[in-house]
Amino acid sequence: MNNIKKYILTLDEGTTSARALITDKEGNIIAVEQSEFTQYFPKEGWVEHDAIEIWNTQRSALVQVLNKSGIDPSQIEAIGITNQRETAVVWNKETGLPIYNAIVWQDQRTADYCQTFDKDTLEMVKQKSGLIINPYFSGTKVKWILDNVPNARQLAKEGKLMFGTINTWLIYRLTGGEVFVTDHTNAQRTLLYNIHTNDWDDELLKLFDIPRNILPEIKSCSEVYGYTFKGLFSKGNEQRIKIASSIGDQQSALFGQLCLEKGQVKVTYGTGCFILTNTGEEIVKSNHGLLTTVAYSFKDKVYYALEGSVMIAGAAVQWLRDNLRIVYNAIETEWYAGQVKDDRRVYVVPSFTGLGSPYWDSFSRGAIFGLDRGTRREHIVRATLEAIAYQANDVVDAMGKDMKKPIEIFKVDGGAANNKFLMQFQSNISQSKVIKPTNIETTAMGAAFMAGLAVGYWENVEELKKTYKVHFELTPELSKPEVDKLIKGWKVAVQRTFKWVEEIE
């Protein structure tokens, strides 16, 4: 029986879909299953998910990936979880059911509330949490649920509510309600966590009026939290599997890219675009609009990172496809962009839900600048792809300033990293080498690596490094003066979108 091959199963719960992946010891993806779930937009700027639908979708993907691969649950050494961060779920402890839809990280309903704090409070929050007061983070979302759902405050007072980000919700469900935990990376994105003590902070809880009794216990990213409930995989199947990692999706990609040394950078192009640089055990405070975040943790050690968050990246391509209908699918954008020699000085600023790092303007809105009678569909498509690279470059530039050293190399992943036009433009505009690994599932691999390390599937980080293979490397093809001219136009365009909503009301 000892010769039976073992695997790691990863649950990758994203913003638009729930995925399940099976990985072997060599870092190969054996099977993948993906199911999309519904996006709800009840009002302008509001974004919600049905947490029950997320659970059902994730469970279905988990069962289907095992069926598809022919791998028995007994061959799974451990389950790792990675998730969309900040999205907040509050549920009733007695029924196990959410009292309101999950409020998604993109949601802007608390933007006005976030404007009400004085300078000293803003500085206190940044000093303690590493973050800024912004609708993006979970804390203000939880406050909104407690303040607006009938009887929620009373239920919280009676100890009948539980709050978690999606990882906590999934672990709670996977264990049949036995385990209520989170990890350092997800806890830190709530605005309620102190990066110096690595625990919930009473002053922050008081500021946002959130009772401590609704919060989960904080654990490391790599340890056994509990076991799946009997019957999870099929009726009558009593197999219970260790749940051995929990890590926010962007931190998971950093670990999956094996950016384990100080100064190493990864850029993930998903719905948004997220750039992290490892700062080791040092907490680096940003003076250039970035966030200080937990990178990952083990039982005895916490590592930190600087992060820049771009709200709209791949979502801008979805907008071209679904709203403007000028492309049939995302893959076509590379072809369209290559049909014109330049962007004809057209700039697209896709700040549909405001601007993230380094600007942090919740009231900016999207715009297209530089249109004339000669502008064609190809120019707009090209400018939209370029906008993704410009936004990432704004963050990479800020990172170089905070780290007091220019970023010369970064590793890329996410769906849009397959777009060669975008990757070459990114290399050009950032004047950096861009490296893409063969296995683009770096987010899932980070959680898999963490789970595998927790149960001894992999002995150490050196073993993990053997699994990393490079697909391509790109170097800049434009000179610095050419790039400076392009960036100047981008800066002008971005600045003209600032405070748009405020100024027209």
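Every residue gets a Cβ built from N, Cα and C, even glycine.
Among Y136, Y296, Y303, Y304, only Y136 appears in Swiss-Prot as part of the glycerol site alongside R85, E86, D249, Q250. T15 is the only one of T15, T16, T23, T333 that Swiss-Prot places in the sn-glycerol 3-phosphate site (with R85, E86, Y136, D249). The most densely surrounded of the binding-site residues Q250, T271, judged by C-beta neighbours within 10 angstroms, is Q250. Looking only at the binding-site residues Q250, T271, G314, Q318, N419, the one with its C-alpha closest to T15 (sn-glycerol 3-phosphate binding site) is T271.
Geometry remark: D249 (sn-glycerol 3-phosphate binding site) versus T16 (ATP binding site), CA distance 13 Å.
Here E86 (sn-glycerol 3-phosphate binding site) comes close to W105, Y136, F137, S138, K141, T165, R189, T190: these same-chain residues lie at least six apart in sequence, with C-beta atoms under 8 angstroms from its C-beta. Annotated pair S17 (ATP binding site) and R85 (sn-glycerol 3-phosphate binding site), C-alpha to C-alpha distance, rounded: 14 Å.
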